[in-house]
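Before any comments, here is the structure.
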Amino acid sequence: MSTSEFVLAQSATVPAPDIEYGQLSPMLIVFGVAVAGVLVEAFLPRRGRYSSHLVLALGGLTAAFVAVVLLAGTRDSVVGGAVAVDGPTLFLQGTILLISIPAILIIAERSVDSGVAAATAEVTAVRGAEPEGGTDAFTPQAFAVPGSVAEREATRNAPGHTEVFPLTLFAVGGMLLFPASNDLLTMFVALEVLSLPLYLLCGLARRRRLLSQEAALKYFLLGAFSSAFFLFGVALLYGYAGTVALPGIADALARGTEDRTLALIGTALLSVGLLFKIGAVPFHSWIPDVYQGAPTPITAFMAAATKVAAVGAMLRIFYVALPDLRADWRPVMWGVAILTMVVGAVMAVTQNDVKRMLAYSSVAHAGFILTGLVAANRAGLSSTMFYLLAYGFSTLGAFAVVTLVRDSRGEATDLSRWAGLGRRSPLVGGVFALFLLAFAGIPLTSGFVSKFAVFQAALEGGAVPLVLVGVVSSAIAAFFYVRVIVLMFFSEPQSDAPTIVVPSMFTAAAIAVGVVVTVVLGILPQGALDLADQAAVFFR
């Protein structure tokens, strides 16, 4: 072999990357269980799929959370620097997994929809059927035309659409990777992995099929559009810095030897993709339609977990890659946060549908969360992570309650139908009132502590006007929350009042978890606040 051939042979050798499987174990477990779920769909008889999926999903999520706990204190970057394992990553991954476990229970519920038939017989409480014998919230055949013979035949032949379990787990895996991504290409892959299953899941509602399919189509088209903005921003930042690694972009900006116009435009486009996922104004138009049309268990999962993942990714980009552009992005985020809080609160007042009201409430909360990001200090980071934890469980519980109020068409989400609900079922009305009070930020609930924490961090960061707007928006939001409580407890029930379904232990457990977390974080929040503060250091 000649010298040139030897050199060529050496240069053609590509070293295998070092993959730290232990530090990636939470994500690997979830993705592994998701793949196993696909195999269950392919090889197990239909009758055994439901229970197998449920055991796999709950076991996998629990194992992944244990892996997160075992990684506590780790500060490192793995897979060639593409993934960061640090305090914010582990805190947010733990939050996503803890939210996903009760979300799976709500998705697995099969007794609630069985109460619809009983609703036409004016039954006020329906005992749940066994999960294997009942029906879930998902259509058994997604491609069938709504109301067609094929759909009715599929409903008779199949009890449910068990593919929702692996789809949900793939979305969870993408959510775990999203806030951990330490370069922009990995972040884009995570964004698509979490988004694609959600596009499908939004269109699988058993009831109100056309509304569900419309929601899925809107979410897909607008989501693809926002992903294009994100990818274009990645290209421009790469053009400026010569790297997609977040620390590398920060180093290029710190040197400051070139015109930053390319970096500023790239940051703006990148922000569009992230603000869309968060549901911030003016990129919020999809939120009310998708939240209303999607199956309510999926709405609950999206509203809680997706926001955690998207905010985590946004925190990493702005705190790790773009600290030297703080003077440029902070004023813009001020404006976005103010618009989001005000528009979300005002629009929620005008809604007559419970799910749309909660959707605009989610928009307003995105503004409160951005207040912590705008603080641009450690207190802002820790308070934002605490807010995501508190908000996630309250949101999950609130949407779980919505699944229990039903009539012959499915969920009775028209607000007028909730009149007297608290009188007919004090427990259901009281639980929903608790979640609404938490959203309003009333003391002794997690919502009060989380809002106080982000406002205090913003004050430390000099964002006094932003805090004033936040307080006013909270007051506006409190009006429509209290309006619903008054409607439930101080109004006469309608003659054709909806059925209040007694769920199986799955939904009951999910609601109970939401109640416990909302109350405990409101009365004894210090442990979670300290944990968030200890985790509030990014690995660079």
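Every residue gets a Cβ built from N, Cα and C, even glycine.
With a threshold of 8 Å between CB atoms, the same-chain residues lying at least 6 positions outside the transmembrane segment (24-44) that come near it are 52-53, 56-57, 59-61, 63-65, 67-68, 71, 78-79, 83, 85, 93, 97, 162-163, 165-166, 169-170, 172-173, 176-177, 180. Residues or ranges marked as transmembrane segment by Swiss-Prot on the basis of sequence analysis: 24-44 (among others).
Here Swiss-Prot flags 54-74 (among others) as transmembrane segment, drawing on sequence analysis.
Swiss-Prot lists 88-108 (among others) with the feature transmembrane segment.
Under the heading transmembrane segment, Swiss-Prot lists 184-204 (among others).
Here Swiss-Prot flags 219-239 (among others) as transmembrane segment, drawing on sequence analysis.
Among the features that Swiss-Prot reports, transmembrane segment is placed at 263-283 (among others), with the record citing sequence analysis.
Within the same chain, residues 268, 271, 275, 280-282, 284, 288, 357, 360-368, 370-371, 373-374, 415, 463, 465-466, 469-470, 473-474, 476-477, 479-480 sit at least 6 positions outside the transmembrane segment (331-351) and bring their C-beta atoms closer than 8 Å to a C-beta of that stretch. Taken from Swiss-Prot, the feature transmembrane segment applies to 331-351 (among others).
A Cβ distance under 8 Å defines the sequence-distant neighbours of the transmembrane segment (357-377), meaning residues of its chain 6+ beyond its ends; these are 278-281, 284, 287-288, 290-292, 303, 307, 311, 314-315, 318-319, 326, 330, 333-334, 336-345, 347-348, 351, 383-384, 387-388, 391, 395, 398-399, 402, 415, 439, 450-451, 453-455, 457-458, 460-461, 463, 466-467, 470, 473-474, 477, 480-481, 484. Here Swiss-Prot flags 357-377 (among others) as transmembrane segment, drawing on sequence analysis.
Under the heading transmembrane segment, Swiss-Prot lists 385-405 (among others), citing sequence analysis as support.
Proximity of distant same-chain residues to the transmembrane segment (428-448), defined by a Cβ-Cβ separation under 8 Å and at least 6 residues beyond the stretch ends, is recorded for 361, 365, 390-391, 393-395, 397-398, 401, 404-405, 421-422, 474, 477-478, 481-482, 484-485, 488-489, 500, 511, 514-515, 517-523, 525. What Swiss-Prot lists as transmembrane segment is 428-448 (among others).
Per Swiss-Prot, transmembrane segment is recorded for 462-482 (among others).
According to Swiss-Prot, the transmembrane segment annotation covers 505-525 (among others). Within its own chain, the transmembrane segment (505-525) is flanked in space by residues 102-103, 105-106, 108-109, 112, 131, 386, 389-390, 393-394, 396-398, 400-401, 403-404, 431, 434-435, 438, 443-450, which lie at least six positions past its ends and keep a Cβ under 8 Å from the stretch.
Note on the transmembrane segment (88-108): residues 26, 50, 54, 57-58, 61-62, 64-65, 68-69, 71-72, 74, 131, 136-137, 164-165, 168, 172, 175-176, 179-180, 297-298, 300-301, 304-305, 308-309, 312, 315-316, 381, 385, 388-389, 392-393, 396, 399-400, 403, 506-507, 509-510, 513-514, 531-532, 535-538 of its chain, located 6 or more positions outside it, place their CB under 8 angstroms from a CB of the stretch. Between the transmembrane segment (219-239) and the stretches 54-74, 184-204, 263-283, 385-405, 462-482, it is 263-283 that has the most C-beta pairs under 8 angstroms.
Residues 82-83, 138-139, 142, 161, 164, 167-168, 170-175, 177-178, 212-213, 215-217, 219-220, 223, 227, 230-231, 234, 237-238, 244, 246, 249, 270, 273, 277, 290, 293-295, 298, 302, 306, 309, 313, 317 of the same chain lie 6 or more positions beyond the ends of the transmembrane segment (184-204) yet place their CB under 8 Å from a CB of it.
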